[in-house]
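Below is one structure; the comments refer to it alone.
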Protein chains: 2
Amino acid sequence: MSDTSWQDRAAAKRRQQLESIPKDWVLPNLPPRSQLDVNEYPRTCGLLTAKEVQITESSVETLLVNLSQGTWSSVEVTTAFSKRAVIAHQLVNCLTEIFIERALERAAGLDEHFKRTGQVVGPLHGLPVSIKDMLMIKGIDTTNGYIGRINQPAPKNAALVDILESLGAVPYVKTNIPQTLMWGESYNHIFGRTLNPFNRNLTAGGSSGGEGALVGLGSDIGGSIRIPAAFNSLYGFRPSYNRLPTTGGVGSGVGQNTIYPVYGPLTTSMDGIKTFMRSILSKEPWQYDPLVIRKSIVPDPPVTRGLEIAKAALLRAGHKGEHFLQNLQPVALLTDSPFILEVIDWKPANHAELCRLGWEILAAGGSADVDAVLATSGEPLIPDMSLEVENFDAEAWQNVKNTQVPRPGLTTHELWQLNGKLRQLRHEYHDQWRETISETGTGRPVDAIIAPVAPFVATPHGKNRHYNYTFIWNVLDYPCCAIPVGSKVDPQLDAKRPRASFCGDADRQNWDSYDPNDFMNAPLSIHIVSRTLEDEAVVGISEVVDNALKARESAI
Amino acid sequence: MSDTSWQDRAAAKRRQQLESIPKDWVLPNLPPRSQLDVNEYPRTCGLLTAKEVQITESSVETLLVNLSQGTWSSVEVTTAFSKRAVIAHQLVNCLTEIFIERALERAAGLDEHFKRTGQVVGPLHGLPVSIKDMLMIKGIDTTNGYIGRINQPAPKNAALVDILESLGAVPYVKTNIPQTLMWGESYNHIFGRTLNPFNRNLTAGGSSGGEGALVGLGSDIGGSIRIPAAFNSLYGFRPSYNRLPTTGGVGSGVGQNTIYPVYGPLTTSMDGIKTFMRSILSKEPWQYDPLVIRKSIVPDPPVTRGLEIAKAALLRAGHKGEHFLQNLQPVALLTDSPFILEVIDWKPANHAELCRLGWEILAAGGSADVDAVLATSGEPLIPDMSLEVENFDAEAWQNVKNTQVPRPGLTTHELWQLNGKLRQLRHEYHDQWRETISETGTGRPVDAIIAPVAPFVATPHGKNRHYNYTFIWNVLDYPCCAIPVGSKVDPQLDAKRPRASFCGDADRQNWDSYDPNDFMNAPLSIHIVSRTLEDEAVVGISEVVDNALKARESAI
């Protein structure tokens with residue numbers, strides 16, 4: 001904690017904010033506080049030219065048409081909106097971070113691009129957008145009105161800010177929120193209170209209260225888009241959970257996975273809502289998360305042979321696959337043209353950490369549920385799946401009983417920390433997946449993964465103790481399909497292979513316990529995996545692989 | 001707890017199970033336990049006729065074609081699969097509940113229907129399906145292998161069982177699982193251990209281990225579909241979270257909302273996977289959840305007037321709406337033909353309870369996050385949004401400080417109980433929504449709701465304290481769009497109206513505090529709401545309503 005009092009630190013930040021406003025936009029003739037309705041003031045104060053009034057009162061559609069035809073430049077549109085936002089701020093105190101200079105630089109770059117190529121960079125080319133304070137913008141604070149977060153510039157953009165910029169939009173201001181974000185009004189110790197432009201004695205609403213007085217991007221966990229929209233005569237849309245990415249949004253309750261906060265637009269027209277949603281969705285926001293695998297146990301020989309058979313079958317069917325199984329990695333599939341699969345290398349990451357988190361989360365509720373149902377009959381908890389547990393005897397029961405200590409589980413706060421960490425790791429996966437676009441040559445990231453289902457085929461009873469090869473996809477929520485390879489364990493083909501090194505104790509134990517004779521006749525299998533909600537792709541690609549395997553079988 | 005020992009209760013249940021097998025299907029000539037590969041036995045044991053072997057080794061596609069053409073009756077197909085399942089059970093111990101008589105009755109009904117109408121009842125007409133033990137089937141136990149759950153017949157079907165039956169499928173057996181469901185093998189104190197038919201010294205996998213030896217419906221939270229599929233040379237598909245309904249599935253960790261269990265098929269072909277998924281999705285499984293509202297605060301006059309204006313505008317534009325605003329209920333919209341909206345009555349339910357649960361869940365993490373960020377600067381927590389908090393003084397600070405008791409929050413187990421309750425209430429909403437199909441006359445349930453955004457328009461600062469009108473849709477995850485009505489508060493039109501009764505203290509306080517003069521110039525607004533992921537419908541219908549409102553405005 002700094003030696004300066006929190007009041008002084010807040011005041012310093014407010015001074016910085018004032019300094020971020022161009023000097024000649026600071027208005028000397030502001031209406032008295034007793035004037036409640038200030039909607040007319042921006043038009044009449046003299047700071048906006050007639051054209052700037054026209055620009056700032058145009059529909060999103062009109063703005064985009066004029067920007068895309070070069071009728072209006074992004075610099076003049078951004079200037080007009082910046083002026084109007086600064087006027088509004090002086091009337092109703094709606095802004096937090098103000099970065100007009102930076103926005104104008106970006107606008108000039110967009111104008112230059114348009115001049116040079118005759119093309120827009122995207123459907124929102126040159127359009128100024130305001131952003132609720134909680135969304136990270138690289139190099140700018142994300143205080144959410146907390147004094148303790150002053151002067152901590154964000155290391156990167158929120159996913160939605162990245163998407164908006166890739167669409168051509170121009171962020172220029174961030175907007176006010178309440179301390180804790182959990183109020184339907186907007187007041188905090190740094191930026192003060194946002195007023196309603198229709199009647200300054202009324203609230204502008206919250207928690208996207210600053211957006212209520214302008215137009216831009218808000219968030220909603222209990223009405224925080226719709227309340228400011230309703231209170232300020234705007235249109236405000238709350239999409240379903242997980243339609244738009246939330247990564248890079250800062251708030252309390254990270255990891256609270258029940259009632260998700262969502263982001264959405266506040267605009268002056270339905271057209272604005274439609275344009276916003278259509279544009280964002282055109283960038284496939286579901287691309288903003290990926291997938292990887294890091295093996296801590298190397299598969300047994302028949303498992304690897306299953307992958308090799310799948311490779312051979314695919315090559316035989318005309319698919320391409322030079323990198324297949326290189327270094328025993330799982331492989332990424334991509335459909336080059338319809339039904340032609342190609343495989344590329346895959347860089348593993350964070351598999352072990354994701355699974356560890358996953359198991360911790362599943363165990364977080366403690367043993368109360370199981371304890372309760374066992375208590376209804378007095379039957380003991382089964383300590384593992386080994387053959388010994390089948391023949392219950394009183395002595396063994398004493399041992400079991402001693403291991404059956406009720407687990408208390410975690411607190412909700414601890415659980416949410418884990419959920420937050422999982423959210424972050426899922427995002428890193430997404431990023432890595434999305435980045436394969438540079439390797440595939442198809443203009444798309446990889447479509448699917450072929451991976452083992454387990455490090456072993458069906459084990460002797462009591463020995464199936466390593467589930468991470470399947471669990472990783474549950475943790476990432478990637479749909480997947482196990483399919484048979486059409487071959488069984490063969491002591492000759494699947495002989496134990498010497499290993500020079502091991503990934504750890506579990507890997508060594510698994511290798512130690514492999515003897516092909518123990519696995520006689522067990523079938524070989526693989527599984528096809530793709531990203532969340534790509535269920536249809538998984539089924540389609542599984543069918544292609546299955547057909548190739550079948551063709552191979554009948555050719556043998 | 002019963003006086004009988006848990007061992008005796010388990011033995012009694014196993015005797016019941018044995019009695020549920022037709023006497024002449026109990027095989028005298030079973031292979032010795034030392035015979036490991038028992039795949040050939042069903043074909044050669046003499047119990048199956050040649051035709052029954054043919055039927056039970058047909059692909060799902062072939063079965064459905066023959067059933068839909070009447071070449072094979074459902075009774076003969078169900079008999080064949082029942083026999084084969086019972087043979088398999090005697091070899092590898094894969095079943096829990098066996099209800100062949102009931103299945104044959106259903107099959108006979110389907111055959112009769114086909115004979116009478118020449119039509120199938122659905123795409124899975126007459127197809128026998130096995131069901132993992134954890135899914136409820138009305139009148140049958142869902143023990144999950146727990147002795148304490150013996151003789152507790154399910155009060156109703158799981159949603160997926162309902163859907164499968166509506167598609168024409170014939171459930172006939174339930175299949176084995178491990179105690180706690182959290183193992184990759186299948187052993188419990190009631191039904192014992194399931195073996196692998198390729199090599200009985202090997203595990204059939206788990207937790208859908210009984211399914212691994214047959215074909216049917218499993219579930220997967222860590223590999224429980226794919227592991228048994230891989231270990232038994234089957235196809236096993238794990239869809240994304242929430243593609244298929246999970247209601248009526250019994251398991252521990254209910255309310256654990258991070259790594260969801262999902263249901264999916266295990267079959268003998270990719271074709272089976274595709275048929276299963278396509279059939280289920282054709283029943284729009286997202287219809288299996290709904291929406292309602294129960295107001296605890298009656299809206300202020302301008303809010304009601306906003307709804308009345310929307311009604312008038314819609315009627316003026318040719319839409320129909322005789323029930324609109326009857327009893328001040330929110331109204332359900334349905335699109336009768338493209339862009340013609342009709343409104344019907346709406347029966348409120350559980351709004352207050354859903355919101356109460358929602359707030360409890362949001363608060364479950366305690367105050368640690370907020371406490372930590374406030375501690376970084378020493379600034380106090382803002383106790384509410386009233387104007388008084390803007391002028392900090394040391395004395396007030398003492399009062400604030402006294403109210404700032406860190407909240408410890410809930411345990412994860414407590415949170416999951418709330419999540420489980422919320423899951424149940426969301427399901428009741430879904431059911432109610434889906435049932436409006438009988439009232440609409442369109443063959444579809446209602447498409448959307450028009451509802452207030454708040455019980456008030458923009459309030460004086462510090463008075464916006466009731467968020468449930470918006471929060472209800474966050475809790476249900478229903479997308480929604482606030483749109484302006486194009487009118488503002490008018491002390492004449494929006495005069496305070498006498499009320500004879502109140503819904504409670506909050507309602508009375510809200511009525512007490514309403515004075516139109518305090519709300520001068522505040523804009524009127526409404527919001528359009530539809531079901532989860534119907535985001536496009538919300539935007540589309542909002543546009544229709546907005547156009548009607550605009551047409552009205554320009555006509556005034």
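Note: Cβ is positioned from N, Cα and C throughout, glycine not excepted.
Keep in mind that TrEMBL annotations are predicted by a computer and have not been checked by a curator.
Per TrEMBL, the features are:
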ACT_SITE  B:Lys132  active site, charge relay system
ACT_SITE  B:Ser207  active site, charge relay system
ACT_SITE  B:Ser224  active site, acyl-ester intermediate
BINDING   B:Leu181, B:Ser207, B:Ile221, B:Gly222, B:Gly223, B:Ser224  substrate binding site
DOMAIN    B:76-538  domain 'Amidase'
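Between the binding-site residues B:Gly222, B:Gly223, B:Gly223 has the most other Cβ atoms inside 10 Å of its own Cβ, all protein chains included.
The local packing around B:Leu181 (substrate binding site), expressed as other Cβ atoms within 10 Å of its Cβ over all shown chains, amounts to 26. Checking the recorded positions B:Lys132, B:Ser207, B:Ile221 against chain A with a Cβ-Cβ cut-off of under 8 Å leaves B:Ile221. Long-range C-beta contacts of B:Ser207 (active site, charge relay system), restricted to its own chain and to partners at least six residues apart, with a cutoff below 8 Å, comprise B:Ile177, B:Pro178, B:Leu181, B:Met182, B:Trp183, B:Gly184, B:Ser186, B:Ser219, B:Ser224. Highest Cβ count within 10 Å among the recorded positions B:Lys132, B:Ile221, B:Ser224: B:Ser224. The full span of the recorded substrate binding residues, B:Leu181, B:Ser207, B:Ile221, B:Gly222, B:Gly223, B:Ser224, taken as their largest Cα to Cα distance, is 11 Å.
In three-state terms derived from DSSP, B:Lys132 (active site, charge relay system) belongs to an extended strand segment. Each residue contributes its Cα atom, and for B:Gly223 (substrate binding site) and B:Lys132 (active site, charge relay system) these two points are 14 Å apart. When the Cα atoms are compared, B:Ile221 (substrate binding site) and B:Lys132 (active site, charge relay system) turn out to be 14 Å apart. Mean pLDDT of the predicted structure over the domain 'Amidase' (B:76-538): 80.
According to its DSSP assignment, B:Gly222 (substrate binding site) is coil. Rounded to a whole value, the Cα-Cα separation of B:Gly222 (substrate binding site) and B:Lys132 (active site, charge relay system) is 16 Å.
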